[in-house]
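> Before we start, here is the structure in question, set down as structure tokens.
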Amino acid sequence: MKKGLLCVLACYVIWGLLPGYWKLMSSLDSFYILATRILWSLIFVGLILLVSKRMDRVRAAFCDRRELLRLSLAGVLICINWGAFIWAVNSGHILDSSLAYYMNPILTILIGTFVFHEKLTRLQWVAVGITLMGIVAAVVRFGQIPWLALVIGGAFALYGAVKKGCRVDAGTSLFLETLVLAPASLAFVLWSEWNGTGAVGNVGPGGFALLASTGIATSVPLLFYAKGIVLTPYTTAGILMYVNPTLQFIVGALFFHEQFTTTYAILFGFVWTGLVFYVASDLLAHRAQRKNQQLEEQ
């Protein structure tokens, strides 16, 4: 369990510190960074699958039309999430990306309710209500919709919903998701280089090394998560999830001095309050499950 816990924690810490990593490439166009990230992720994961002799899983998934369609949709959604996240970071909106991942559990609850017809507990309804009140309050008082946070968080929540029915492992899934996106990504990279807006002539060897490392930065945390989640209680992993947006918040507010405006204060206040009820609901459900297991064992 300790090994699993460390793997999950490592995943969330890496994700939480990624804004600082993407900032190092801020001289380049965000969509160019996204395209190279997709291509290098494909290469890196492909090498892992080749070395571990798991390419047969890729072929099996590729021949399953329904699975391939599901993974293609997942690829489009994670592309939106990655692109919006990189743009947010390099445009001075790290706090929006932090808010997105604080909101993610609530958005996931809504998808679970309306798409999968899952029943919510009273505390979960309270959590959803409080979060929605925060969004409405920000819109009514300041005329501002947190669209960037909603796009990042919403795309990731929908990505999770699409992946819910997938039968392939994390490595195979990421390989096929990026493979679907690779032709358009390669075309965009070549077009950018042709127009002089790409990396060639604009960054030095260090910049090229950073771009190449995007495949590692993308794949390693996912592999940590895939390994750790099977060894860690899901409730524990769910609570640890907030390490990611908390670190993003710290990076944005303290290291890059983004302004914590009144709008942010209202949104974060409502979302944080909603999360207290969400976590409480999870803990109570976990406790009830453990009691039932103990009674069955007796």
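Placed from the backbone N, Cα and C atoms, the Cβ positions cover glycine too.
Annotations per TrEMBL:
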type	residues	note
DOMAIN	3-137	domain 'EamA'
TRANSMEM	30-51	transmembrane segment
TRANSMEM	71-87	transmembrane segment
TRANSMEM	99-116	transmembrane segment
TRANSMEM	123-139	transmembrane segment
TRANSMEM	145-162	transmembrane segment
DOMAIN	148-278	domain 'EamA'
TRANSMEM	174-191	transmembrane segment
TRANSMEM	203-225	transmembrane segment
TRANSMEM	237-257	transmembrane segment
TRANSMEM	263-285	transmembrane segment
> Have the transmembrane segment (174-191) and the transmembrane segment (71-87) got at least three CB pairs under 8 Å, pairs 6 or more apart in sequence?
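Stretch pair touches.
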> I'm checking region-level scores; what's the whole-number mean pLDDT for the domain 'EamA' (3-137)?
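Value for the domain 'EamA' (3-137), mean pLDDT as a whole number: 90.
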> Would you call the transmembrane segment (71-87) and the transmembrane segment (123-139) in contact, using three or more Cβ pairs under 8 Å, pairs 6 or more apart in sequence?
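Taking Cβ pairs at least 6 residues apart, the transmembrane segment (123-139) and the transmembrane segment (71-87) are not in contact, as fewer than 3 fall under 8 Å.
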> Below 8 angstroms Cβ to Cβ, which residues of this chain, lying six or more residues outside the transmembrane segment (30-51), approach it?
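Long-range Cβ neighbours of the transmembrane segment (30-51): 22, 57-58, 79, 82-83, 86-87, 90-91, 171-172, 174-175, 178-179, 181-182, 184-186, 188-189, 192, 197-199, 211-216, 218-219, 223.
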> Per the 3+ Cβ pairs under 8 Å rule, pairs at least 6 apart in sequence, do the transmembrane segment (123-139) and the transmembrane segment (203-225) touch?
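Since fewer than 3 Cβ pairs under 8 Å link them, the transmembrane segment (123-139) and the transmembrane segment (203-225) do not come into contact.
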> Before we move on, state whether the transmembrane segment (263-285) and the transmembrane segment (99-116) share at least 3 Cβ pairs under 8 Å, counting only pairs 6 or more apart in sequence.
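When sequence-distant Cβ pairs are counted, the transmembrane segment (99-116) touches the transmembrane segment (263-285), since at least 3 lie under 8 Å.
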> State the residues, same chain only, that lie 6 or more residues beyond the ends of the transmembrane segment (99-116) and have a CB under 8 A from a CB inside it; answer 'none' if no residue qualifies.
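Cβ under 8 Å, 6 or more out: 85, 124, 127-128, 131, 146, 148-154, 156-158, 160-161, 164, 238, 241-242, 244-245, 248, 264, 267-268, 271-272, 274-275, 278.
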